[in-house]
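Below you'll find the structure, written out as structure tokens, and then a few comments.
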Amino acid sequence: MRTRPLKVALLGCGVVGSEVTRIITTQSADLAARIGAPIELAGIAVRRPNRVRDGVPAELLTTDATALVKRGDIDVVVEVIGGIEPVRTLITTAFEHGASVVSANKALLAADGASLHAKAAEHGVDLYYEAAVAGAIPLIRPLRESLAGDKVNRVLGIVNGTTNFILDKMDSTGAGYSEALDEATALGYAEADPTADVEGFDAAAKAAILAGIAFHTRVTIDDVHREGLTEVTAADIASAKKMGCTVKLLAICERARDGRSVTARVHPAMIPLSHPLASVRGAYNAVFVEAEAAGQLMFYGPGAGGAPTASAVLGDLVAACRNKLAATTGAGESAYTQLPVSPMGDVVTRYHISLDVADKPGVLAQVATVFAEHDVSIDTVRQQGRNQGGGDEAATEQDGGPGAPPSGSWGREGGEASLVVVTHRAPDAALSATVSSLRKLDTVRGVASIMRVEGE
Ligand SMILES: NC(=O)c1ccc[n+]([C@@H]2O[C@H](COP(=O)([O-])OP(=O)(O)OC[C@H]3O[C@@H](n4cnc5c(N)ncnc54)[C@H](OP(=O)(O)O)[C@@H]3O)[C@@H](O)[C@H]2O)c1
């Protein structure tokens, strides 16, 4: 084993960085044996050097991150600060000074991964970021390396623990969104400002990274269609249950059936209880990968937290250190397919639409006609009369072609009814046009919710 240590600079020592420090300092003998040389923490950049940090060698702390990455003797820089700047500049400077970089920064990778990869390649160093997607769960390396000989067609994942906790609470207790969010905040699963999680920005960044790697193309966060879960109601969850489904915030990356384009999106969706992702509870993450030769694979585990995320960081650090010792680099960016990212309107999926309608004869036929006009085929319809105390319900299944009205007696003179329509697969643009037309009908008092149905 080489005795001269590999030098590691740590940028950031918060939730993740403190755990990275702990593992490097407490597991040094094992890490050295696995790498083939000892590693030495050469410096730790933070914002507030006087903050109390248990187990962190105070003499290593500095507020000058730029000077640290410019030292010239650093082999690997571990970046766990987060955000775009000054981190992008720090990482670029590290490459220019010959250091490989390990990052947990999904925001930066999803915004500008291509130019960072190019810089790393230009300087003959590594850029690794396993921790940027789904915390401890090995996902980037399996997609990049283990599945490099296969063809991935679909990645479907729960990649945000906060939103999964909220939806799981709503599902198991019948709570509304605000109540479930309050509980997530009280238990430390949601941040004081939960926007990045509940509006889907965090998951969209991860979807961009996953789609790029899975389909060997370039996808940025701006290419990802994003809808958060703030509009999901207890009624949506109850309606999903009636269909044998649950609601999850999903990141979905798909190769088009003709193979000529890809899509990436994040939105709440109903999935059948029989789907493996339906059983992912609490703040756990899971990613379901469909590959041509491998078939269906599921990756499951803790998607955040200091120690789990540090586990992924350390895996990358060991890989980067081994490459440094061997004077080589790992696989870089693979974007050779250059597939375009199609707009959301081209996505084809199923829909669950809940309408408030006048409770009188002929309404169902009118609604069905609108679906037919837009070539959206109805699978099932369920109606619930409100003026009857909500207990009177009927459902029908049909496959009589686009929009053909189901048989049966639905009319009940008087107040309002709730009509739930589930469609067969249709393009998102056709569904949007259908909903616009439905809103114009006098008998449709409102569109209570629209939710996609996935995983079938
Ligand atoms: N937390 C998770 O569960 C998790 C999971 C997956 C990925 N990640 C990613 O990991 C990264 C770090 O997350 P975190 O939760 O550990 O964040 P955090 O607890 O807020 O820690 C950020 C660290 O960066 C330091 N810092 C901020 N600005 C700095 C600057 N300009 N120069 C030097 N140091 C600076 C802070 O210094 P002070 O300590 O002095 O404030 C702090 O130590 C982010 O990219 C995040 O997305 C986190």
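Glycine too: its Cβ is placed from the backbone N, Cα and C atoms.
The annotation NADP(+) binding site is assigned in TrEMBL to Leu11, Gly12, Cys13, Gly14, Val15, Val16, Gly17, Ser18. Per TrEMBL, NADPH binding site is recorded for Lys106. The annotation L-homoserine binding site is assigned in TrEMBL to Glu191. The feature active site, proton donor is assigned by TrEMBL to Lys206. TrEMBL lists 352-452 with the feature domain 'ACT'.
Positions of the features from TrEMBL, shown on the structure.
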{"residue": "Leu11", "record": "NADP(+) binding site", "contacts (Cβ under 8 Å, 6+ apart)": "Gly17, Ala45, Ala65, Leu68, Val69, Val77, Val78, Glu79, Val80, Ile81, Val87, Leu90"}
{"residue": "Gly12", "record": "NADP(+) binding site", "contacts (Cβ under 8 Å, 6+ apart)": "Ala45, Val46, Glu79, Val80, Ile81, Gly82"}
{"residue": "Cys13", "record": "NADP(+) binding site", "contacts (Cβ under 8 Å, 6+ apart)": "Thr21, Ile44, Ala45, Val46, Arg53, Val56, Leu61, Val80"}
{"residue": "Gly14", "record": "NADP(+) binding site", "contacts (Cβ under 8 Å, 6+ apart)": "Val80"}
{"residue": "Val15", "record": "NADP(+) binding site", "contacts (Cβ under 8 Å, 6+ apart)": "Gly305, Gly306, Thr309"}
{"residue": "Val16", "record": "NADP(+) binding site", "contacts (Cβ under 8 Å, 6+ apart)": "Val80, Ala104, Ala131, Gly306, Thr309, Ala310, Val313"}
{"residue": "Lys106", "record": "NADPH binding site", "contacts (Cβ under 8 Å, 6+ apart)": "Tyr129, Ala132, Val133, Asp202, Ala205, Lys206, Ile209"}
{"residue": "Glu191", "record": "L-homoserine binding site", "contacts (Cβ under 8 Å, 6+ apart)": "Thr162, Thr185, Asp197"}
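Averaged across the domain 'ACT' (352-452), pLDDT in this predicted model comes to 81. Less than 6 Å separates the Cβ from ligand 1 in the case of Gly14, Val16, drawn from the recorded positions Gly14, Val16, Ser18, Glu191, Lys206 in sequence order.
Within 8 Å of the centroid defined by the CB atoms of Leu11, Gly12, Cys13, Gly14, Val15, Val16, Gly17, Ser18, the record's NADP(+) site, lie the Cβ atoms of Leu10, Glu19, Val20, Thr21, Val46, Val80, Ile81, excluding the listed residues themselves. For Ser18 (NADP(+) binding site), the same-chain residues 6+ apart in sequence whose C-beta sits under 8 angstroms from its C-beta are Arg53, Asp54, Gly55, Val56, Gly306.
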